[in-house]
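In TrEMBL this protein carries:
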COMPBIAS  1-16  compositional bias 'Low complexity'
REGION    1-22  region 'Disordered'
TRANSMEM  30-45  transmembrane segment
TRANSMEM  65-87  transmembrane segment
TRANSMEM  107-132  transmembrane segment
TRANSMEM  138-157  transmembrane segment
TRANSMEM  169-187  transmembrane segment
TRANSMEM  207-227  transmembrane segment
TRANSMEM  248-272  transmembrane segment
TRANSMEM  313-332  transmembrane segment
TRANSMEM  352-371  transmembrane segment
TRANSMEM  377-397  transmembrane segment
TRANSMEM  418-443  transmembrane segment
TRANSMEM  449-475  transmembrane segment
Amino acid sequence: MYIYDSSSGRSVVSNLSGGGETEKKSWKNLFAYIGPGFLVSIAYIDPGNFETDLQSGAQYKYGLLWIILVASCAALVIQSLAANLGVVTEKHLAEHCKIEYPKVPNFILWVLAEIAVVACDIPEVIGTAFALNMLFGIPVWCGVLLTGFSTLILLALQQYGVRKLEFLIAFLVAIIAACFFMELGYAKPDAKEVLHGLFVPQLKGNGATGLAISLFGAMVMPHNLYLHSALVLSRKIPRSVRGIKEACRFYMIESAFALMVAFLINVSVISVSGAVCHSSNLNQHDQASCRDLDLNEASFLLKNVLGSWSSKLFAVALLASGQSSTITGTYAGQYVMQGFLDLRLKTWIRNFLTRCLAIVPSLIVAIIGGSAGAGELIIIASMILSFELPFALIPLLKFTSSKAKMGECVNSTMISAITWIIGSLIMGINIYYLVSGYIGLLLHSHLKLGLKIFCGILGFSCMALYISGIAYLVLRKNKEVSHLLALTTPGTHEIASESGNNNISSMFCLPREDIASMQLPQRNPGDLD
């Protein structure tokens, strides 16, 4: 790319694009972009994922592995679009929603986003409570209460540096991942059955559809779309056609690697659970555990590798998983509130409020239903995330498919087709499950006929409202144009020529202060070549 030098009256080659030398150096920049994708991927191996993985393996062996494969591929495409939106427009998804939609739809989207953050935090609360129970014998309901204090401890640790804390958490989670990989060698799942489960879609048995929705909801979470589109704003990105496209490509590569690691962990957990729980050598106690498998009973799956240490190490990794996911939930909540309402709270206040909202239902269920009920609540929370996904996904697809917002980086026809097919399948499965499940619930209930009719009218009215909300987002045309469109068109060099060679550095977009100040990793101006 050529930039006009006003001092010499001639064009010079910019280091932002073109040239074989620059092309060789550009791959060094990949390391400058690493971070957001891995932070987002933590949510793909949180306690909610472990719970749904364990139950799917125990109940259906390898029959639902294909859901993990489909969800991981869908997550890669969707998360890449979220990153692209932030890179190209310098605004994250919540900010675009506020600009694009009227007050009432915008308020509803904000409420749904906040519910998604709380639903994401519920598995972290319960997972932490289970970990405390395994480590110290603390009752689950008491552990739920203590999770509020664990949030404050986590925030205190963050003062020593987020990168150090993330490394520690990643190390602890990697330990449990290594244990499941080692257990795979002992359990020896049939390779043909595993491959069949990965590549042959099937939903057999009662509750398979609901668990499949939970698996998908635990993998592709709506709050992650807000999170990823904002996290990329903490990096310094060249404001040139080549620089922007390079950033989008590197973020996709980073996301692909991070999601591949999460995919392998989830597959290993399901495979171990399926192989062990369907083994003919299982004793009666372990058989009983498999019939009602939850995070509090899952440590026996690792006893062949770790022996008596299995429950303790599993608890440590579960605690790390829950607390690391709390980081992503806190950041997502901050961006959602800042984007929709232009309001920012102190991090500890925001984190504590979100955790309190998640503690209330978790505490009630833990007291009434015990650990089994708490495990079921994790599944329900994952299903809520799946049902809410269209309200974050559709705006993302509409924005990234709009040339008025994305300029030259608009989605290609093929990407648009793939993403809309993914979105349509998600919406179709959700609606089918809601309708069929509710009809079955009414038919098998012992309510009087009049009460059944009333519940039917109320329930289907809510479903109609749900479908109407989705239809509104799909059919409404985008009206707002990105104010940064000029920076993603061939006219970029004309803008640069007005400032001369002394301001070539202005071609870089510095990290947004309101994003970078949220305890996110800071980058020095010289980190990019």
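Glycine residues also receive a Cβ, built from the backbone N, Cα and C atoms like all the rest.
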Cβ-based contact of the transmembrane segment (65-87) with the transmembrane segment (207-227), 3 or more pairs under 8 Å:
yes
For the transmembrane segment (107-132), which partner among 207-227, 313-332, 352-371 gives the most CB pairs under 8 Å?
313-332
What same-chain residues lie close to the transmembrane segment (30-45): Cβ under 8 Å, and 6 or more beyond its ends?
75, 79, 83, 120, 166, 169-170, 173, 177, 218-219, 221, 223-224, 227-228, 231-232, 234-236, 247, 250-251, 253-255, 257-259, 261-262, 265-266, 321, 324-325, 327-329, 331, 521, 523, 527-528
Between 169-187, 377-397, 449-475, who has the most Cβ pairs under 8 Å to the transmembrane segment (207-227)?
377-397
Who are the chain neighbours of the transmembrane segment (418-443) in space, where the CB to CB distance is under 8 Å and they lie at least 6 residues beyond its ends?
74, 77-78, 81, 209-210, 212-213, 216, 220, 386-387, 389-390, 393-394, 397, 401, 411, 452, 455-456, 459-460, 463, 466-467, 470
